[in-house]
């Protein structure tokens with residue numbers, strides 16, 4: 001794989017904030033209502049949120065080892081090309097393009113429009129979604145430095161607002177509601193697969209914990225910064241998610257929240273009145289905008305790296321002079337996100353994203369086992385804590401939820417599998433080699 005030399009200008013603070021900003025967003029403010037409707041009780045919902053945190057933390061431990069040892073831009077694309085084969089890396093890059101970045105960007109923008117529509121009547125929510133994508137993509141295409149400063153500021157604001165929502169909900173609501181089992185039993189939910197599907201939805205909410213891996217080539221002192229940013233950012237997000245959703249459940253009865261996408265606004269309206277509900281809607285809109293902004297930073301670096309490795313995609317590497325971002329790659333991501341935002345529904349994107357990314361993440365996690373066995377002498381500035389157990393737990397949870405999604409949500413799962421097949425076909429077409437053999441050598 002070719003490396004792309006560029007200055008390392010992303011600090012530890014910005015890297016950690018990027019993890020947090022890329023993670024906190026759409027699912028945190030929309031998923032609990034859907035989970036309540038499917039699982040039938042608050043306690044199973046909280047269990048799923050906690051499991052999502054376990055999966056993300058175990059994943060962060062493994063990603064920390066891989067990215068510290070191989071600090072290149074491209075995320076799973078660069079890692080899987082190095083660990084397995086260029087074809088696997090290319091498919092992962094394709095998944096990142098459509099499922100990992102463009103689809104979540106569209107989902108966040110759709111939710112942004114849904115929350116903002118009641119605040120500004122008369123403007124269609126789809127127009128808000130499209131406008132948000134265009135604004136943030138333009139800001140971050142101008143360069144990582146200015147975009148990073150902007151991201152730091154808006155993420156700090158978002159963290160304060162999320163903490164305020166959690167504190168108010170838990171202080172003024174009824175926290176005991178978060179422990180209500182509801183209908184059925186935990187064992188029955190687990191064996192039926194509904195907890196696994198719920199974890200797919202929650203894993204979408206945690207999507208972004210590995211964001212800094214996509215700009216690893218631009219991080220200062222990557223051997224120390226990358227593991228700290230991954231672990232620190234993921235730990236902060238997990239604590240905030242558990243507290244925030246406990247606050248939602250404490251603010252209103254499950255019957256009021258079940259099935260509601262704008263769960264934050266509904267909870268605030270029930271607890272504090274319609275005026276406060278409007279304010280919370282605005283707060284959530286800010287958080288969703290932050291998610292779109294974070295994706296606008298990380299995604300284009302993956303496509304740019306693909307262009308460096310595949311001559312027929314070299315056009316993705318152009319239009320980058322000095323500190324400017326990969327403009328053509330940004331335009332490609334923006335175009336796909338705009339198409340999805342204009343045509344897709346939120347719930348359809350939710351299952352599709354969670355299922356497909358779980359497959360890519362599981363392959364990356366397994367890479368820790370592969371690289372330790374194949375290259376035991378490789379320099380590893382950081383070694384995953386708790387390996388092999390923590391890595392195995394993350395892989396097992398990923399397999400558990402993908403298998404049950406195939407059974408319970410076959411259409412979304414099959415679309416995800418079709419996306420993978422299309423990526424493999426694209427690799428065959430674009431590759432200049434007549435075979436798929438050979439393994440990427442590590443760049444010096």
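Quick reminder: no glycine exception, Cβ is built from N, Cα and C everywhere.
What TrEMBL records for 12-36 (among others) is transmembrane segment.
Remote same-chain residues near the transmembrane segment (42-66) are listed as 23, 32, 35-36, 79, 83, 177-182, 186, 189, 195, 198-199, 201-203, 205-206, 209-210, 213, 226-227, 230-231, 233-235, 237-238, 241-242, 245-246, 249, 254, 361, 364-365, 367-368, 371, 380, 382-387, 390-391, 393-394, 397-398 (criterion: CB distance under 8 Å, separation of at least six residues from the stretch ends). Sequence annotations record features per position, and here TrEMBL assigns transmembrane segment to 42-66 (among others).
Under the heading transmembrane segment, TrEMBL lists 87-115 (among others).
What TrEMBL lists as transmembrane segment is 127-144 (among others).
Residues or ranges marked as transmembrane segment by TrEMBL: 156-173 (among others).
Per TrEMBL, the feature transmembrane segment maps to 193-217 (among others). Away from its own ends, the transmembrane segment (193-217) comes close to residues 3-4, 6, 8, 10, 15-16, 18-19, 21-28, 31, 34-35, 38-39, 44-45, 47-49, 51-53, 55-56, 59-60, 63, 66-67, 70-76, 78-79, 96, 100, 104, 107, 144, 186, 226, 229-230, 233-234, 237, 241, 291, 294-295, 297-299, 301-302, 350-351, 353-355, 357-358, 361, 397, 400-405, 407-409 of its chain (Cβ-Cβ under 8 Å, at least six residues beyond either end).
Through the fold, the transmembrane segment (229-250) approaches residues 12, 15-20, 23-24, 28, 32, 42, 45-46, 49-50, 52-53, 56-57, 59-61, 63-64, 67, 159, 162-163, 165-170, 173-178, 205-206, 209-210, 212-213, 219, 257, 263-264, 267 of its own chain, all at least 6 residues removed from its boundaries and within a Cβ separation under 8 Å. Per TrEMBL, transmembrane segment is recorded for 229-250 (among others).
Taken from TrEMBL, the feature transmembrane segment covers 276-297 (among others).
Annotation source TrEMBL lists transmembrane segment at 329-346 (among others). Residues of the same chain lying 6 or more positions beyond the ends of the transmembrane segment (329-346) and with a Cβ under 8 Å from any Cβ of it are 30, 97-98, 101-103, 105-107, 109-111, 114, 126, 129-130, 133-134, 137, 140-141, 261, 295-296, 299-304, 307, 316-317.
Taken from TrEMBL, the feature transmembrane segment covers 352-372 (among others). Long-range contacts of the transmembrane segment (352-372) within its own chain (CB-CB distance under 8 A, at least 6 residues past either end) are made by residues 58-59, 62-63, 65-66, 69, 76, 79-80, 83-84, 88, 92, 95-96, 99-100, 103-104, 107, 200-204, 207, 210, 378, 384, 387-388, 391, 394-395, 398-399, 401-402, 405, 409, 412-413, 415-416, 419-420.
With a threshold of 8 Å between CB atoms, the same-chain residues lying at least 6 positions outside the transmembrane segment (384-403) that come near it are 51, 54-55, 57-59, 61-62, 64-65, 196-197, 199-200, 203, 354-355, 358-359, 361-362, 365-366, 368-369, 413. Residues or ranges marked as transmembrane segment by TrEMBL: 384-403 (among others).
Per TrEMBL, the feature transmembrane segment maps to 409-430 (among others).
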Stretch contact, the transmembrane segment (409-430) with the transmembrane segment (87-115), Cβ-Cβ under 8 Å, 3+ pairs: yes
For the transmembrane segment (87-115), sequence-distant contacts whose Cβ falls under 8 Å of one of its Cβ atoms, 6 or more beyond its ends: 1, 25-26, 29-30, 74-81, 124-130, 132-133, 204, 207-208, 214, 261-262, 265, 281-282, 284-285, 288-289, 291-292, 295-296, 298-299, 302-303, 305-306, 310, 332-333, 336-338, 340-341, 344-346, 349-350, 352-353, 356-357, 359-360, 363-364, 416, 419-420, 422-424, 426-427, 430-431, 436, 440
